[in-house]
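Remarks on the structure that follows.
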Amino acid sequence: MSHRVSDYSGEMDTDISRVASSRNLPYVHKVGVPPKPNLLKEITETVKETFFHDDPLRHFKDQSKTKKLLLGIQAVFPILDWGRSYNFSKFKGDLISGLTIASLCIPQDIGYAKLANLDPQYGLYSSFVPPLVYAFMGSSRDIAIGPVAVVSLLLGSMLQAELDPVKQKLEYQRLAFTATFFAGITQFILGFFRLGFLIDFLSHAAIVGFMAGAAITISLQQLKGLLGIKKFTKETDIVSVMKSVFAAAHHGWNWQTIVIGVSFLAFLLVAKFIGKKNKKYFWVPAIAPMISIILSTLFVFIFHAEKHGVQIVRHIEQGINPPSLKKIYFSGENLTKGFKIGAISGLIALTEAAAIGRTFAALKDYQLDGNKEMVALGTMNIVGSMTSCYVATGSFSRSAVNYMAGCHTAVSNIIMSCVVLLTLELITPLFKYTPNAILASIIISAVIGLIDIDAMKLLYKIDKFDFVACMGAFLGVVFESVEIGLLIAVAISFAKILLQVTRPRIAVLGKVPRTTVYRNIQQYPEATRVPGILIVRVDSAIYFSNSNYMRDRILRWLTDEDEMLKETNQQRIQYLIVEMSPVTDIDTSGIHSLEDLFKSLHKRDVQLVLANPGPLVNDKLHASGFPDMIGEDNIFLTVADAVMTFAPKMEP
């Protein structure tokens, strides 16, 4: 027996039963019309579902004012919540993790600062203050905070396009702090107003390509330090970089520098391979950079390699972060430049941190509030901009080491900050003889992991359009610039969204043998067509952007079907059934297109029939009076009901 949902009166049901009896058909119910909510309730529910789908205020229900205040403070500073259950056992794990990631972050920070065209100490500054702020406000147990390669390169390339980092050093630094301030503001606003879903518009495929391209670009940039080249291009594209490298081949390369750089790069890659092959030896690639720094610095100091053309760090400012609030541009043209650079850098930093946080939260099976994370990241960058830091975020390599070292809480970030503090206060003079080649080797070994070949292969297998998006972003970064690659990544992501929205999938359905189920005939070739009936399914909401396409595509299918049936002398199409189960919503343009479709079908003597419109769609259809146009009897609960009702009526 077929059924329709019933919300109508018994009188209506009686009428339907009479019609069914006269046709000698099973009794069916009418499609139910849900009660229409009032406008205020509808708007409230929409806003709640858009911005508060996770019900963040559920903990505050039925609580006293004092308890609500305490919960509010804990929401801003999660450390006050988990800190109450903190114990020595957890501290031991956090201590080991903090010391391990500190040994990794210190050499990386010095190198990443150079990527951003800043003095080495600014990289260390950015691993001191931001991690402390995050430890109090962040909710991830595993993220290790500090500068990262991709954001450093992006920031450096955009800043360099505005100011010369050598000739305009002070202005360049001020613009860097300004960009960091606005990166933090951008992140904070997105989190505070719960707009985190916006970063999801950058597709995974585009991010994979962008990261891989950035890794290639960063590695190419390190050829300057690895080969000991003094005059090097400021461009980042592969053609300009390789021209610069080969132009210096006869007189600009330094063999001592090459020996140091290549030897330690090989050592770092072997250490990384050991750590990847056996998870128990995760500490090997973690301490390898610091060992490389110590050994190469001793080598240069003992043999005075700097006198033979080996370029060294020479000087790192000693002492903790100096205040920089007065250096931030709050007026003038540099304010606009800083805002633009900061907003872009902040979004990329946010995307990377969100991906890292979700990954490790899933591994440890705990929930991560993305909007709280954005507020924490934004606050730490705002504070960082006032304490001589540049944009910091979650580092994947350090977070992975932090996770494998057995961290329990964000205290590992505090331990790391303390080690960086000691380094700034006591150890920075020892880096004087550190060769630039070793920093280049450390950066290359760190960014190689960003090239995810397996992910690219998977994209090619699953979705060719995703693969095109990935390669577009990759080639844009490698052959043009980081900004162009990012622009291509965003453009392709939006193009995919627009394509899916404006050209939804519409399938022709057939009956699966020995069932009453109707499925896509392309997926189920054995599914049979019902003579005289064309059944289609719209796999999308029907909006102004796709309603005309939906109508035209269905009419074209009908025309093609009629021509084919005419050639084979088969019964013409008398009924068009539109399966509307996947149609989650419809707007006025969509309803007008359905009306136009009905009128076009009426001229062809074809009856339009709808199957299972959802509650929201059904409510809007009734509000527009569309059921009166096509007839209430032509709206069914299932396709099977519709076929069972109309199949006996068709002429042989």
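Every residue number used here counts from 1 along the chain in the order it is shown.
Quick reminder: no glycine exception, Cβ is built from N, Cα and C everywhere.
The annotation transmembrane segment is assigned in TrEMBL to 143-163 (among others). Packing against the transmembrane segment (143-163) from elsewhere in the chain are residues 101, 105, 108-109, 112-113, 115-118, 123, 126-127, 130-131, 134, 171-172, 175-176, 179, 210-211, 214-215, 217-218, 221, 234, 236, 334, 337, 341, 344-345, 348-349, 352-353, 356-357, 360, 380, 390-396, 398-399, 401-402, 410, 412-413, 416, 443, 446-447, 450, 481-483, 486: each is 6 or more residues past its ends and has a CB under 8 Å from a CB in it.
Nonlocal intrachain contacts for the transmembrane segment (175-195), taken as residues 6+ away from its ends with a CB within less than 8 angstroms of a stretch CB, comprise 51-52, 116, 118, 122, 155, 158-159, 162-163, 324, 327-329, 334-335, 337-339, 341-343, 345-347, 349-350, 370-386, 388-391. Among the features that TrEMBL reports, transmembrane segment is placed at 175-195 (among others).
Per TrEMBL, the feature transmembrane segment maps to 201-220 (among others).
The transmembrane segment annotation in TrEMBL covers 255-274 (among others).
Taken from TrEMBL, the feature transmembrane segment covers 281-303 (among others).
Long-range neighbours of the transmembrane segment (375-397) within the same chain, counting only residues 6 or more positions beyond its ends whose Cβ lies under 8 Å from a Cβ of the stretch, are 76, 104-105, 108, 113, 116, 118, 122, 125-131, 133-134, 137-140, 143-148, 151-152, 155, 176-181, 183-192, 321-325, 328, 342, 345-346, 349-350, 352-353, 356-357, 446, 449-450. According to TrEMBL, the feature transmembrane segment maps to 375-397 (among others).
The annotation transmembrane segment is assigned in TrEMBL to 403-424 (among others).
Tertiary proximity for the transmembrane segment (436-453) is limited to same-chain residues at least six positions away from its ends with a CB under 8 Å from its CB atoms, namely 107-108, 110-112, 114-115, 149-150, 208, 211-212, 214-216, 218-219, 222-226, 228, 257-258, 260-262, 264-265, 268-269, 272, 289, 292-293, 296-297, 310-313, 396-397. TrEMBL lists 436-453 (among others) with the feature transmembrane segment.
According to TrEMBL, the transmembrane segment annotation covers 473-495 (among others).
Here the domain 'STAS' (523-646) returns a mean pLDDT of 91 for the predicted model. Taken from TrEMBL, the feature domain 'STAS' applies to 523-646.
Annotation: stretch 473-495 has the most Cβ pairs under 8 Å to the transmembrane segment (201-220), among 255-274, 281-303, 473-495. In terms of DSSP secondary structure, the domain 'STAS' (523-646) contains 63 helix, 21 strand, 40 coil. Counting same-chain residues at least six beyond the ends of the transmembrane segment (281-303), those with a Cβ under 8 angstroms from any Cβ of the stretch are 100-101, 103-104, 106-108, 260, 264, 267-268, 271-272, 274-275, 310, 312, 401, 404-405, 430-431, 433-435, 437-438, 441-442, 445-446.
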